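Comments concern the structure below.
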Amino acid sequence: MLDGIFSFVLLDTRDNSFLVARDAIGVTSLYIGWGLDGSVWIASELKGLNDDCEHFETFPPGHLYSSKDREFRRWYNPPWFSEGIPSAPYDPLALRNAFEMAVIKRLMTDVPFGVLLSGGLDSSLVAAITARHLAGTKAAKQWGAKLHSFCVGLKGAPDLRAAKEVADYLGTVHHEFHFTVQDGIDAIEDVIYHIETYDVTTIRASTPMFLMSRKIKSLGVKWVISGEGSDEIFGGYLYFHKAPNKEEFHQETCRKIKALHKYDCLRANKSTYAWGLEARVPFLDKEFINVAMNIDPENKMIKPEEGRIEKWVLRKAFDDEEHPYLPKHILYRQKEQFSDGVGYSWIDGLKAHAAKHVTDKMMLNAANIFPHNTPNTKEAYYYRMIFERFFPQNSARLTVPGGASVACSTAKAVEWDAAWSNNLDPSGRAALGVHNSAYENQINSAKAAVGPEKIIPKMEISPLGVAIQS
């Protein structure tokens, strides 16, 4: 078992008692439900519980559940979990070595695999380390020492250009997949059905990942290695520029890691597994998290006047002049959230599409229709309608987080800048005054990008597999 990243159930056949454990961070999804007859149900998807359980909920990461005690008990309790402020000095070599070990640990395989490469810092480092260490693995002997990399985006998207440059630098066999705004819109219903959330930023980012995963699996690839978790550990989201002090900075990273199972881990797990593709995430290795979260957060603080941009400690750790991992401008590329990096018109197109289906009158009545986590934008309302159609149970809607957010922040971090309360959007471009393409400088061209409405293809599920029908 890869360092506690899997969940499992142990059954004692002598008395039919059982013990369930979920992985430390919530890399893989897990739910628990209770039937009217007192039965306990465990499933990796809500769909496995909603017809048979009176109540169900997310199984908390890092916990055990015993059928004898009928209660949860935390088994994963690292030092950072208390949110106390660490004081260990920054050691770039120790950080580099810890992450390299986390990547190498995940290269154990006897099936074809690849790396998701957006061209941003996190995925590029994962690709660079994998490419360096692939040659000596069992997989290289079976499938060849050439690493396959995959990227998705709208034509001309920031990620596509950067990913191609990194792939050329590393010498990977690169696969570039394109989609249009309309392709993404057509897939929204299937995406919500599979990822089981109505969270706006998760749906925005899951859709291109869902489309890409289908194409990757069609090539015979069984699993991919990905870069989720770095932004939470190192404060990589652009709103961290406004962190007032190291204490607030560190506490926010702790909150973000604890919530990963509701957002990025849920996206990475369900968008890929919808097509039978596994995603492995080395940044969420327990040993690496311990090293990274023990660094004095003063070193993680973003200080442009000192040349320290977001995730400076990670960038510096891999800034090797003699044996460079990446080109300098890639190593120091500004953070792009996945839903932005695939092409800015993607989010703008989603908003324009939602506006066609949700009226102003519907928004005025939103609190009566959806009293829990009331949608405050037409895009959020549109996703909520689709979710409620698939999962109408109250237990299902309670599994989805809510609250104010700007550029993927927690509600607490919105307090860091008074202007953010009037610009609540999970896109990185909502970080006004920070992102190079922030909303205040952008001309919205979404309507031209969307194009005419099309018939949405439906995904038919059968015991034999999955088929797309037009």
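Cβ atoms here come from the backbone N, Cα and C positions, even for glycine.
Taken from TrEMBL as is:
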- 1-70: domain 'Glutamine amidotransferase type-2' (DOMAIN)
- L116, V152, S226, G227: ATP binding site (BINDING)
- E228: site 'Important for beta-aspartyl-AMP intermediate formation' (SITE)
Measuring CB to CB from G227 (ATP binding site), give everything in the same chain under 8 Å that is also at least six residues away in sequence. L116, S118, G120, D122, S123, L125, V126, V281, F283
CB neighbours within 10 A of E228 (site 'Important for beta-aspartyl-AMP intermediate formation'), counting all protein chains shown, number 26
Could you tell me the mean pLDDT the prediction assigns to the domain 'Glutamine amidotransferase type-2' (1-70)? 91
